[in-house]
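**Q** Annotated domain 'ABC transmembrane type-1' per TrEMBL: A:69-259, in sequence order. What TrEMBL lists as transmembrane segment is A:12-32, A:73-95, A:107-130, A:136-159, A:180-203, A:238-259.
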Amino acid sequence: MTERVRRRSSPLALAVLGVALSATVVPLLYLFSVSLMGRGETVSGVLWTTDPQWANWGDVLGSNIPRSILNSLLAALGGAAVTLVLALPGAWAVARYRTGGRTLGATLMSPWLLPPIVAVVPLLTLLRILHLNNSLVGLTLVYALANLPVAVWLLEGFVRRLPSELEEAARIDGASEFRTLAAVIAPLLAPSLVAIGIIVAILNYNEFLLATFLTQSADTQTFPVALSLFYGDRTPHFGKIAAAAFIGVIPVFASAVFFQRWLVGGLTQGAVR
Amino acid sequence: MADAALVRPRRPSGHRRREAWAHRLFVSPIVLAIVVLGVYPLLFILAAAFSDSSLGKPFREWVGTSNFETILADADVVASFWRTVAYAVAVSFVSVVAGVLVAVALERATHAGSVVRTVLLLPLITPPVVVGTLWKLVFNPGGGLLDTLLQGTGADAASVAPLSSTVWALPAIGLADVWQWTPLVALLVYAALLTQDPAVREAAALDGAHGLRLFGHITWPAIAATVAAVFFIRLVIALKVFDLPFIMTSGGPGQASTTTSYLIYQVALKEFDIGRASAITLVFAVVVTAVSLPVAAITRRLAHD
């Protein structure tokens, strides 16, 4: 009975994947194609320009888009870092010691159920009182708190799967709760923390609604906000809009390709065990 | 974990108390997050809904239920609720079906490597503002991808402009929405499929179960709870949709693609009427709860089976 049935890919499965792959890739390639088109070509019905215009890319790189991408990266990474630092102890206490009990567990994800538009006006008022409105620091703090429940929720599952023997050993050695957390738990959870950090950073980078209201001046605008303002002209230049959109996606796509092992692995691995 | 508590050696109670305080300290940022992003906005909105409030000067005067009377008598507001709920149910259904198909195909296609998985995830991590831009370009009348392809088939001489059609604007936004979020469904269901014991499937296959029978008796029971949970998540995301109507149609033409989130944005930040916007928000919260509770209940029942 050691012989296993060798599985072969079914033709139907390959067909479904083929359709899914083209449905995913074609629109993205079209965006790239339009980004190289001159003004006339975008309305002439050509799918691929014979005379690529890198001028659109040059114009976008000379605009405030690079600055906005930098702003987005700062808020996304800063927010994710703070989220992780706060989420790890929280998730540990909730998963191992049921700190906060059923109430905390039940209310944890409740803010997520409401449209974020609900929080915009109250947050704007709060940040104005703290003199943090229209600043990247304010936006970063809002992102850090906004994703904390999601990060704790994801992390809880990983904490539960850790064997508790190592913590016990540390405790018997007389380590404090802080030491146990920093020296035992954090290293064990490092791969999960990376995966969750990437997810949270991408969520931050892509966030639009809060950023529109919390960063209004040109030097604090994030990328989604700057891109949305590209439609301001009465006759928008589609080539330039596409170039801006494409350039802004590069950091996220690059990190996804670079971190794909952690991103997919981190989410699916937990389930495999 | 109960067993952890049992294993732990006896300690002086002072130590125990210090540990408990450390744990409370650890969860305090979570409590802060819930207060700042949940409790405080909710109280703010409750107070604003029952008062005459503008963006600059909130809570000017207590007006009782008049904001609620105004919005419930406003056909545009009520229509936005129905529109949003219909939209959310439709896009959730389509992306869950498509996502399950892709997940099952991924698991059955043994040659699909990490490159395929990464490419399939790209829409999920594309900023919604870019997704909106992308599909706006695809739907661009006279030169967009859709128009060019349709002209190529010679089916219709007139150019197609779904985003300026009162009938097609919302389905067009829905297509962009499905494109963006189907990968999330596929990812979560795929993860659930990987937890299956392959031996069970192989045994069933040896007994002659194939295709639909295999799916119905072996695969579906293994993923049903996950699919229900994913449908719930997908529904909540779709009920909140804002970025896509904002970028693609600005809620138009007319009110054809004004979702409730977009309507709240218009009332609060274009008309500066925080009182009315808050009242819409509260009523919408009731609508969201009414729509998502049954799904949450089914999810819970399946998870406990």
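Note that Cβ sites are derived from N, Cα and C of the backbone, with glycine treated the same way.
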**Q** Spell out yes or no: are there three or more C-beta pairs under 8 angstroms between the transmembrane segment (A:107-130) and the transmembrane segment (A:136-159), with each pair 6 or more apart in sequence?
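**A** Between the transmembrane segment (A:136-159) and the transmembrane segment (A:107-130), which are separate recorded stretches, there is contact, as judged by 3 or more close Cβ pairs.
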**Q** Same-chain Cβ contacts of the transmembrane segment (A:12-32) under 8 Å, 6 or more residues past its ends?
**A** 47, 242, 245-246
**Q** With the transmembrane segment (A:238-259) as the reference, which stretch in A:73-95, A:136-159, A:180-203 has the largest tally of C-beta pairs below 8 Å?
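**A** By the under-8 Å Cβ criterion, the transmembrane segment (A:238-259) pairs most with A:180-203.
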**Q** Taking a Cβ cut-off under 8 Å, which residues six or more beyond the ends of the transmembrane segment (A:180-203) line up next to it in the same chain?
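**A** For the transmembrane segment (A:180-203), the nonlocal Cβ contacts are 76-77, 79-81, 83-84, 87-89, 92, 147, 150-151, 154-155, 158-159, 162, 166-167, 170-171, 252, 255-256, 259, 262-263, 265-267, 269-270.
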